[in-house]
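S.K.: My structure is below; once you've seen it, I'll send some questions.
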Amino acid sequence: MGSSSPLTRRNRAPPSSVSSVYLIFLCFFLYFLNFSNAQSSPVFACDVAANPSLAAYGFCNTVLKIEYRVADLVARLTLQEKIGFLVSKANGVTRLGIPTYEWWSEALHGVSYIGPGTHFSSQVPGATSFPQVILTAASFNVSLFQAIGKVVSTEARAMYNVGLAGLTYWSPNVNIFRDPRWGRGQETPGEDPLLASKYASGYVKGLQETDGGDSNRLKVAACCKHYTAYDVDNWKGVERYSFNAVVTQQDMDDTYQPPFKSCVVDGNVASVMCSYNQVNGKPTCADPDLLSGVIRGEWKLNGYIVSDCDSVDVLYKNQHYTKTPAEAAAISILAGLDLNCGSFLGQHTEEAVKSGLVNEAAIDKAISNNFLTLMRLGFFDGNPKNQIYGGLGPTDVCTSANQELAADAARQGIVLLKNTGCLPLSPKSIKTLAVIGPNANVTKTMIGNYEGTPCKYTTPLQGLAGTVSTTYLPGCSNVACAVADVAGATKLAATADVSVLVIGADQSIEAESRDRVDLHLPGQQQELVIQVAKAAKGPVLLVIMSGGGFDITFAKNDPKIAGILWVGYPGEAGGIAIADIIFGRYNPSGKLPMTWYPQSYVEKVPMTIMNMRPDKASGYPGRTYRFYTGETVYAFGDGLSYTKFSHTLVKAPSLVSLGLEENHVCRSSECQSLDAIGPHCENAVSGGGSAFEVHIKVRNGGDREGIHTVFLFTTPPAIHGSPRKHLVGFEKIRLGKREEAVVRFKVEICKDLSVVDEIGKRKIGLGKHLLHVGDLKHSLSIRI
């Protein structure tokens, strides 16, 4: 310090002078200490108990409506202070009793250590790590989606109460898994817009909804990302930072937007994150139509819009969309961006204001959305231990119930793709089980990306060894092995009653910023599988751990390979779930949430083409089960059980008449479709109403209890480039052996049977619609 030098130079003074100087120094030190303590950053915002003077501030008055509290707070801030609340590491305002706040935390499938807002310690060393989202989606169980969200938010609140976590979580990822090579497909609920929408709203509700049911309060704040048409990370040199997704309005409204709409409209999500990429030449984080127009205008978001990390910087530096940083800051804020993950807005917004590019009122609007969210979370209500979730703590993390839910989620999601009758295995008939493969004894691989520290791990090897005697050999040093230990693996398999090969991928193969270039098994794994199958004494089971699918046609057609399981990235309890299914303690019920294509598909389809619909002229085959008609390795919805289910139609109309107004144009002309909105939709069934019911009797014809997902698909008339089929609904049912029950679907005619036309408008096709459940088909005619 500058004042210390003169004092230290006085060491030559007589003793009496030294004493006087010492007393002066001591008084100065005590004064400075008291002043520093008085000015130190508060721990909790509006902690009136610790600082009674804060009670005078309107924004600290919990009796007032949140909107009034927000307005009061914004009015008290300087421009520089306001700008400090535009960035993810928000500055505190000591004079108002507001601490700093880190917005960035993640909770994709459990509380994560990704993002600076959350960390683990000896107090809370780990949190429940659920399966990666793609496997949870394979359960097709909406109540499970919500239950997982509820556990994750409880553990997050418990960690927040002891200073280890934030309240704002930038999860879930609800992008459509459009291309099988995408490295982040593992984070998503799959390729179907309805499934993705159901997952989005279900998980968000689990995270956000409070026990008291107050819709204006949040348990934690979720964030649906990455808005929008984002599904290229790094493919053959094409990076997300510069990629321009060229998307038709039809595909935008039919495929890419529905999960985000469901997040906001059905899930009441508190936040949406805009993505790095451009859409049709505009950066998503600077597009007023996408942000202010759709998210906040049409969908009525009650919360904040945040950029992906450094997205505003990216649109300036990588995309060269603006000439200056100040322009980038201004157009993003004016487009509707409220918060910048990163520091860009903190560095350049003041210059944008001084240059007249953006006014202070726009900044007020942005930070008001941020404060609104924090107030709904109780951040401005003082010590969290005195609030609704104040009793939560470390003992509420990694509870036995939470860990069992993680295991059950993996069981429900695992998909049985092939079974020649070998499965389930009988432990009594197995003396030796060979466990081979690079993923057989992995830990971190099981939890995928955006992970946290799990409560504990149970590897596939540990799960299997808990039931029967096992011998183990990796066979490959890693999933991308250049050399496989074929000799050792075949020797092991040649003496075992059954051989289990646990293979697949990990984050070195598919991840954020890492897209695949082909659909082959990595490294020498295919050769390892082929040779083990040839040499094995007994049946061979293939367990595939991955986010995306592989072309495993060779294994599908190999008679020595008796069973194939896809287990996604099954989470901390993956080994338990795998063993439970292999040994028949759990009857598999998972269904693929994405198509598994042959290698030939990706050889002719660039990842950068965003079109969903096929183009006969160019030979482009289209994407996902809704439009692709070519050969598949395994199809969307595939998944076997240890029992057999059959379906019988009980109830469904054969004809629906849409009554039109007298002056409707289609009364005097040949119309192929009608707008999917209007009086004709509200009175579409006899007796009035907009919906009808489909009843399906489901019978379990086997001798084993089972859980079955019933899919209701529809094939609409061939108009407006309609899908070859699309999912109308799905229901899960548990049936005992030889038991039957009726599953009921409510079909909203103009919502569920409509298609999106070329300009993005929903239309209900006139003519023949085909409803189908499994092999069961029913024709429905819609006319005027």
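Every residue gets a Cβ built from N, Cα and C, even glycine.
Quantities reported herein were computed from a predicted structural model and do not represent experimental measurements.
Summarising the annotation, Swiss-Prot assigns signal peptide to 1-38. Among the features that Swiss-Prot reports, N-linked glycosylation site is placed at ASN141, ASN441, with the record citing sequence analysis. The active site annotation in Swiss-Prot covers ASP308, and the record cites similarity to another entry as its basis.
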S.K.: What is the Cβ neighbour count of ASN141 (N-linked glycosylation site) at a 10 Å cut-off, with all protein chains included?
M.R.: 26
S.K.: Which number gives the other C-beta atoms within 10 angstroms of the C-beta of ASN441 (N-linked glycosylation site), all protein chains shown included?
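M.R.: There are 18 such Cβ atoms around ASN441 (N-linked glycosylation site).
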S.K.: Measuring Cα to Cα, how far is ASN141 (N-linked glycosylation site) from the residue listed as 'active site' in Å?
M.R.: 29
S.K.: If I take the alpha carbons of ASN441 (N-linked glycosylation site) and ASP308 (active site), what is the distance between them in whole Å?
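M.R.: For ASN441 (N-linked glycosylation site) versus ASP308 (active site), the Cα atoms are 35 Å apart.
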S.K.: For the residue listed as 'active site', list the number of other Cβ atoms lying within 10 Å of its Cβ atom.
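M.R.: A count of 24.
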S.K.: Helix, strand or coil for ASN441 (N-linked glycosylation site)? Use DSSP.
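M.R.: Going by the DSSP assignment, ASN441 (N-linked glycosylation site) belongs to neither helix nor strand, so it counts as coil.
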